[in-house]
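Asker: Questions regarding the structure given below will be posed in turn.
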């Protein structure tokens, strides 16, 4: 039906597009897919005419049965054609192209220029600039493997090797060109690329002609955050976008790229897709039409048919499809000619925008012996079934070695073949196979298979100057560099190797990503039987191998092996004899045999030797010393352990087996690790890099402390006292500890004393508490006595820090854990199963354990399991309050393995066992709980995730002592900063502890436990628990009261058993406020009934059947009602969890509870309702009275009974939450207590309530009376009483007005509530807070959502000339009184006036010189003008304002208003910028007159200051600072201001003699008041004296001012000077400098602006000087933005080139080289015809040392500049080379130029000057000789002879001078003889 409509529109209203007619013919034929023959389509057309219908059906039946295979033929390269639209997946991303996987195992390529037009344009720019562009992303940044892309086939070509290749394009202009702008509909899913970044979003190129697509920023945020890692989108970035709205018939399109919108986008009939414009990648709803063995035909978009081949059925459902089944399908390809559509049902394609996840197959390269054929396709290939049941596919060309040998019969289903997996097709999720013999037998399939060091066979392809190319296989080629063609250098390799020769090479390097393979043909390397070194890690000292010399240096040879591994042979290892000059003995490329001495994989360093050890097996590791028997102090040696003693290890020094001793304390820098290493090292173990500390009479003492070893290696240990100076930091160890201090010894044997006083920053009671013998320390030398060979040291941390504490702390931790890891590897070498098991256990492992027993102290021991002797235990804390019994199975996490006691510490804590899989960020701060403490580090668990992290307890080697208060405890909270995010081999994350202030104390119990702190500490209880009892529930007992606690009484029963009576079990009815326990006295006899038994360990009440009931503490009751009855009032012991017990209480129920204590930290009352039920009363639910809340502990007594209302279970679930103020309901009209969380200036407060509810208080609801600073008294955590106004939002709306919270007081409300415009009456006087100053007037907030507007004429009688003054006098939040002039309810408008005549209050602006009063006429004009400028604007602003107010977002105002203004007809410019329109009405002349009139009174009266009292303000406002603002006004001519030394009409008394008061001083009145009071008290005589003093001061100043040579000292002096010479830029610059010295940047700017207005326009240079100074000022003190603004203005007012060059110099001088470079590039584009720019840029590059770039600039200059300038430019660049670059190159340039232009005497002259300056005398004379033999005009020759003569007179001898004269004579004679002839 839809087709009918398209073809024959009803009523004939609209012509059909050509493009829309085309598909109609193909609609019916479409289900025949591949109609390639003409004849078929002719038959079709006939059949459409009518009579031949039956005939057609028969033909079709016959055909379909015949060609079902043909119909479902899968795609092959032959079936592709140009213009075909096809879906692909990015397979590989290279720098210049993408490899795309296409359906049915095909593959295509997209070149870098086919991404998008904008991207190609950027690439071209980059090529032109010859430098990388910052904002141009490379292909690997834009695309990643797995991305689905829509492509169009751009061409089908044949490569050089005769293979067919498919070129694709991703350019939206090609892919989407089938769409027209009119065809775009909302909901369509398109692909596009970012073409540019705009302020509010991105322009996206969707390739549809006439349509502009825009992606707003907010629609892109989610994508940027999730997919783009927060980075902005880049030009060329490929996006899947959904059209959100279409405007202007497709002219403007708005897009979204949100994941949810894209992935659910479906193509529908409403979007009117046609077969002409159908795009691949669209998801459609379809119906199965026909099911065949080879695939399905589908019907989709109601009248299109498409085909699904077997590869694209959903694998799980293959074989289950039936006719008319509804499915979702994705369009894979559309053939442009036949209109055949192919679809896929695979689920991965049905969520657009999602990348494919499976990108490769694991068996790549595997050879399969007999793979059975599944199906054969005559034009495409065959499919095979693999062992795992998955399908694989082989293309036709891969089914046989050649076309001739191909036999289709061999590929009947079921036949098996030998094949190899060669590739993987991501689009089909299929492995690709090949049956070619050459491929199956190939040694390597791809570069990935080739490993460095492997032997490879290949054939020679070509020999080039850069090496020989060798073909390894079809796809693989390798290069043999010239150096590697033979063992010795070859001159003519082509004589030895011929093309086609078979060669065997060894692989030097293989980089699969770059497809780079380097090989060697050096015979020794190829045939070497020694192990090849391919990485630093598996290199062991003593290894011998072959390598080749890469470089020969004077310090030794660098030898290279495979895979870029190289090492150094130091000079002394080159030979047994000394080699003075290695470069003469060795050559690059020489093959050598070397022995490895030492290797450091982490640093990629290796030491080698050419002196091979006679037998590497017998003699041990790295022998780099000369053969000598003795060991020197400070030498590093390798040692072998002989035996262990109590104090250390007896060892022998290799290789001469010299006996030595290594003490335990010297095994490690960490005190705790010494004994550990000592315990696990065995006889026969070898230790490397051990330091010899001392040697006396054959007794050698060794040290293995890494800190000392690295000090000695780095040569940082002084050998003698003369090298030691005070202030040096040295690393040593504690030699001995005395009462008066500590002796520290250093590696060289020197030692010093650290006296007790400077041993620690903490107080030292006993020296041995702080340090232990052998400990590594850092010492600072404080005093050196060379004669006595003594020094004093400080070990204080404050003196000895080696960098920031976090870094050292992390270093110590990682060293410590590394050593422990070393111990683990020693353990794993032992034979014992137990030790090996322990070695494998690392912290963080989760184990399944069985409880063995619970010990008396509450800790748990677990059974050893399969490993005998394994001890696993969890302390009482790590039991985490869980109920455990022997035999029970538990999951536990390992915290630490004690390698000395062979114990494993575990924890049952739920959070640790079930870690959260959350990604951690490095450097983030986390809260953690200490779980285990070792001597030098602690293990803590992150609160957030449960991961275990280790942190060092010390931040320095000397930091070992802690007072008890500073020591950490298990369970304590700490703040950690993560340094690693993955647990390494240690199983722990590494972290650094934050400041100790962030530690929190351990909670005495977990919330889940109901252990009472008091009970735990009650000694009576513990005693009682030891005894067993035979009581059962319901028994009556008698006893004596032993002690009385607030909430329970302890009773001693017979047999010494202890019992307990809870406060709730003393009376039946407890009067409120009384304390029941007070009724019982100590020693009183009581009779009670047993109601339960409490387990001491868990504090739970056990049922009587429990085996431990006999050890419980009996819980008793003395309630009369319980004692009377026979029935048991037994406690419910069967519901084990406290949660169930709490469930019996309903919210709103009233209970009696007993106060246990007030928790000061958590701010709640802890209460008990029954022995086994507790509760909490949060602070805010205690009372509505502030007095009570201030000191709750004073209002309530411990033990007192309280009536409380149940609110609900607490968040911890183990407690009831109660309230003393009735049910806690936050409903409209309720009053509740809240706590201030946040104070938002000018907005209001955020208040929080219990249970996480929050509310907002508007600034208008803070009080009944508004004040200037309404939020002053509110700080976070303050408690406030709130009235709930509304609960409509998640966040409540509240009021703090006392008229609401305490309505009974009925106090007066000065400022009534205005909640809507209905509350505003005309003529009303209201107060409000200024919201903002807008172009039309001032917005005043009258209520939370009501705003009024006072237009400018109604703001003040004075009109400030600057907007800045409005901002200053009417800042946001200022309190003002206004009169309501009119209220427009329809338009939501309130018109206000602030004029004194309306409000009766003072004017908002004080009268002052900066303000001019408005004339009546002007006011009128302005109002009319503004009214006629469109009321709707104001109205819109009003509504916006209202909406914004509710959203509480101020920032959007500016963003929304301009957009409105843009759409209005062009308005005068002034208004847009917020200036006042009435200015235009007054002519310039009038304005000047007005100014003069205004200026006069200002100077007559007292400095033009008027004083007002403002309502609500006590201080007097002083506007004396106003004139300063005037100076910067652009429209005003500067004039003399009398702000110099004094004010004329002030009495002499007020002059203080010290300094005349300056107008700039901004002292406030408060400072002046005290002075006045003191003056009144002075005597007459004193006043007289002062008068005289002041007169003297005045005359002194007058004299000084008359002195002509006087230097200016104040701003006034400068003002005078610049008045006298206004055009002198030097004076203005000095004036600026004067302000800058006082760091008054703003004033300096103002001076510059004044200068620019004052200096005459004719004085261009003077003006330029000031501009340059201003640029300098902005560069040093301003921002980049302010600098740019000044620069842009300077360019407008001066010659642009000069300004550009000046700014470039400024950048260069301030070392902003990047900015300078960018500026030069701008200049080269703008002034490419100016040679000065090119030369300056060349010089800039040379100064930066970029000679190459400078040469390129010269080349570009010559291309851009006209021919006549070339010689000049070349000579300038040559001069630069002489001065800044390479003199040789400069000479070459000159020589080159002069050979072309020999008669350019100016160039000769410059060349001679430069050579005289930079060259030798011989070079100078050579040039002169050449010049005087040129044939130039006599006048010029004379000039050169004269120069030659002058040079010789200055530099040569008399003989040289004569020689020059003789040559001149010869020239003259020769010239005259020519003339005569």
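Using N, Cα and C of the backbone, Cβ positions are placed for all residues, glycine too.
TrEMBL: automatically predicted annotations, no manual curation.
As the structure is a computational prediction, the values presented were derived from the model and not from experiment.
TrEMBL feature annotations, pasted as is:
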{"type": "REGION", "residues": "1-60", "note": "region 'Disordered'"}
{"type": "COMPBIAS", "residues": "43-59", "note": "compositional bias 'Basic residues'"}
{"type": "DOMAIN", "residues": "83-171", "note": "domain 'S1 motif'"}
{"type": "DOMAIN", "residues": "187-258", "note": "domain 'S1 motif'"}
{"type": "DOMAIN", "residues": "281-346", "note": "domain 'S1 motif'"}
{"type": "DOMAIN", "residues": "365-436", "note": "domain 'S1 motif'"}
{"type": "DOMAIN", "residues": "453-522", "note": "domain 'S1 motif'"}
{"type": "DOMAIN", "residues": "542-611", "note": "domain 'S1 motif'"}
{"type": "DOMAIN", "residues": "634-705", "note": "domain 'S1 motif'"}
{"type": "DOMAIN", "residues": "727-796", "note": "domain 'S1 motif'"}
{"type": "DOMAIN", "residues": "1034-1107", "note": "domain 'S1 motif'"}
{"type": "DOMAIN", "residues": "1148-1221", "note": "domain 'S1 motif'"}
{"type": "DOMAIN", "residues": "1229-1297", "note": "domain 'S1 motif'"}
{"type": "DOMAIN", "residues": "1323-1395", "note": "domain 'S1 motif'"}
{"type": "REGION", "residues": "1395-1539", "note": "region 'Disordered'"}
{"type": "COMPBIAS", "residues": "1416-1435", "note": "compositional bias 'Basic and acidic residues'"}
{"type": "COMPBIAS", "residues": "1436-1445", "note": "compositional bias 'Basic residues'"}
{"type": "COMPBIAS", "residues": "1446-1489", "note": "compositional bias 'Basic and acidic residues'"}
{"type": "REGION", "residues": "1553-1594", "note": "region 'Disordered'"}
{"type": "COMPBIAS", "residues": "1581-1594", "note": "compositional bias 'Basic and acidic residues'"}
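I'd like these features described in context: how deep, what's nearby, how far apart.
Answerer: With DSSP classes pooled into helix, strand and coil, the tally for the domain 'S1 motif' (83-171) is 23 helix, 36 strand, 30 coil.
Secondary structure of the domain 'S1 motif' (187-258) per DSSP, as helix, strand and coil residue counts: 10 helix, 34 strand, 28 coil.
Helix, strand and coil counts from DSSP across the domain 'S1 motif' (542-611) read 10 helix, 35 strand, 25 coil.
For the domain 'S1 motif' (727-796), residue counts in helix, strand and coil come to 7 helix, 35 strand, 28 coil, using DSSP.
In terms of DSSP helix, strand and coil, the domain 'S1 motif' (1148-1221) has 12 helix, 37 strand, 25 coil.
Counting residues per DSSP class in helix, strand and coil order gives 6 helix, 32 strand, 31 coil for the domain 'S1 motif' (1229-1297).
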Asker: Taking the domain 'S1 motif' (83-171) as reference, which of 187-258, 634-705, 727-796, 1229-1297 has the most Cβ pairs under 8 angstroms?
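Answerer: By the under-8 Å Cβ criterion, the domain 'S1 motif' (83-171) pairs most with 187-258.
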Asker: With pairs closer than 6 in sequence left out, are the domain 'S1 motif' (365-436) and the domain 'S1 motif' (453-522) joined by 3 or more CB pairs under 8 Å?
Answerer: no
Asker: Go ahead and report the DSSP secondary structure tallies for the domain 'S1 motif' (453-522): helix first, then strand, then coil.
Answerer: 7 helix, 34 strand, 29 coil
Asker: With helix taken as DSSP H, G or I, strand as E or B and everything else coil, how many residues of the domain 'S1 motif' (1034-1107) land in each class?
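Answerer: Across the domain 'S1 motif' (1034-1107), the residues distribute as 11 helix, 32 strand, 31 coil.
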